[in-house]
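Student: Pulled these from Swiss-Prot:
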- ARG24, GLU81, LYS120, LYS448: (6S)-5-formyl-5,6,7,8-tetrahydrofolate binding site (BINDING)
- ASN226, THR245, ILE247, THR250: K(+) binding site (BINDING)
- 226-231, 245-251, 270-273: GTP binding site (BINDING)
- SER230, THR251: Mg(2+) binding site (BINDING)
- 216-373: domain 'TrmE-type G' (DOMAIN)
Amino acid sequence: MSDNVPTIAAVATAPGRGGVGVIRISGKNLLPMAEALCGKTPKPRVATYADFTDADGQAIDSGLLLFFAAPASFTGEDVIELQGHGGPVVMDMLLNRCLELGARLAEPGEFTKRAFLNDKLDLAQAEGVADLIDASSRSAARLALRSLKGDFSRRIHGLVEDLITLRMLVEATLDFPEEDIDFLEAADARGKLDGLRRAVDDVLANAQQGAILREGLNVVLVGAPNVGKSSLLNALAGDEVAIVTDIAGTTRDAVRERILIDGVPVHIVDTAGLRETDDVVERIGIERSRKAVSEADVALVLVDPREGVNDKTRAILDALPPELKRIEIHSKSDLHAHAAGGFGTGAETVIALSAKTGDGLDALKRTLLREAGWQGEGEGLFLARTRHVNALKAAQEELSLAALCGNHQIELFAEHLRLAQVACGEITGEFTADDLLGVIFSRFCIGK
């Protein structure tokens, strides 16, 4: 990083009241600031108890000051942490004192961004910080910690090292074109490429599982009015999150709920009827429902077996994207017998279900996990993001193209290897555009 980097400060603990509140400061040569804050010269990595004072020497609070000298800190710069009482007024006064002493307010994720830019973390590890904070289940937290501790990064670095080794082998032959084929055959370049492809496939499979655990499955409930969509949402959520009445059209807006199935987040939207209406409020809800449908991975199509697919249901089905996966739900199975087979909704799976008794809910949950592609938490998994999966798919594609190169296409072979390396490097931040970094770190919380 440049030497002209400003000192930054932020509250590092959650907003609101608490037993302890933490102010984090990062920059260069922070000892004078530490002395101004507490009237003492702190020793690195030693907790110093002191009064934190304002510009007039009046105590704002008392607590612990921790000083971490560069480069042995989270950000790689000098870092100060003030641990005081966790009231919002006290935290605000302490933060303002830091700003008076020359710091500026940190942007979201700026501490972690500095850690990345100072080579304390790679990009996958930095994302692991945010994913650990945002984890929605114990499984997600465990896998995010693995990413933060470098499990994912080590797999990627191993791929990159093997790619570099193979590239050096292939590119060296370009200087001796008359011997290239024999040289590559003797070095088993094709065998090494096959091994690389298998390794990428393995990391990709793990990354896809990690992405499922982080990002989950988007599900929409669709069907004719009063067919039981809201009742099913309540049954899945285990709570009254949607109003249930016998009046058709009760749901005038999309109702959203997140549930966990074996640690996998499932984002469910109970759609307002996908129909035309003159009601302004209902029309807004229908537009939101259409947006939810466009973003969905799976549609649960609710059908009353006594009526089958009526005109209203058919109109809803026609409004669904043809490629959207569908599960046909025969609702209210406690009131009538389950109809054999489906009703031509385009679904491969049909489940009879009663939201009232719970019959069929477990079968539906298992089906949703299968649709998500979740295979269960196993050894070697780590939390991953869609961008990681896409980068690994790009590397996989480049290696497949390299495998198609003939014996006299050495330059093309080498280029595909280079592009595969670039794709892998995007995961750890070795090859990453500044605008992508801005997007990634802007989604962190302030103070991290």
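Cβ coordinates come from backbone N, Cα and C, glycine included.
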Student: For the domain 'TrmE-type G' (216-373), what's the mean pLDDT in this predicted model?
Tutor: 81
Student: Express in Å, rounded to the nearest integer, the largest CA to CA distance found among the (6S)-5-formyl-5,6,7,8-tetrahydrofolate-binding residues ARG24, GLU81, LYS120, LYS448 named in the record.
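Tutor: Overall maximum Cα spacing for these binding residues reaches 18 Å.
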Student: Would you mind reading off the Cα separation of LYS229 (GTP binding site) from LYS448 ((6S)-5-formyl-5,6,7,8-tetrahydrofolate binding site), to the nearest angstrom?
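Tutor: That comes out at 40 Å between the alpha carbons.
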Student: Excluding near sequence neighbours, so keeping only residues 6 or more apart in the same chain, what lies with its CB under 8 A of ARG24 ((6S)-5-formyl-5,6,7,8-tetrahydrofolate binding site)?
Tutor: ALA9, ALA10, VAL11, ALA12, VAL79, ILE80, GLU81, ALA106, PHE111, GLY447
Student: For the recorded (6S)-5-formyl-5,6,7,8-tetrahydrofolate site, enumerate neighbouring residues of the same chain (Cβ within 8 Å of the Cβ centroid of ARG24, GLU81, LYS120, LYS448, site residues themselves excluded), in sequence order.
Tutor: ALA12, SER26, SER73, PHE74, THR75, VAL79, PHE111, THR112, ALA115, GLY447
Student: Have a look around SER230 (Mg(2+) binding site) and count the other CB atoms within 10 A of its CB, chains all included.
Tutor: 21
Student: So what sits near LYS120 ((6S)-5-formyl-5,6,7,8-tetrahydrofolate binding site) in its own chain, CB-to-CB under 8 Å and at least six residues off in sequence?
Tutor: PRO71, PHE74, THR75, GLY76
Student: Enumerate same-chain residues with a sequence separation of six or more from LYS448 ((6S)-5-formyl-5,6,7,8-tetrahydrofolate binding site) and a Cβ-Cβ distance below 8 A; give 'none' if the list is empty.
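Tutor: Those within reach of LYS448 ((6S)-5-formyl-5,6,7,8-tetrahydrofolate binding site), by Cβ under 8 Å and sequence separation of 6 or more, are ALA12, PRO108, GLY109, PHE111, THR112, VAL129, ALA130, ILE133.
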Student: According to DSSP, does LYS120 ((6S)-5-formyl-5,6,7,8-tetrahydrofolate binding site) fall in a helix, a strand, or coil?
Tutor: coil
Student: Taking 10 A as the limit, how many CB atoms besides its own sit near the CB of ASN226 (K(+) binding site)?
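Tutor: Step by step: centre on the Cβ of ASN226 (K(+) binding site), count other Cβ atoms within 10 Å, giving 18.
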Student: Is LYS229 (GTP binding site) helix, strand or coil when read with DSSP?
Tutor: helix
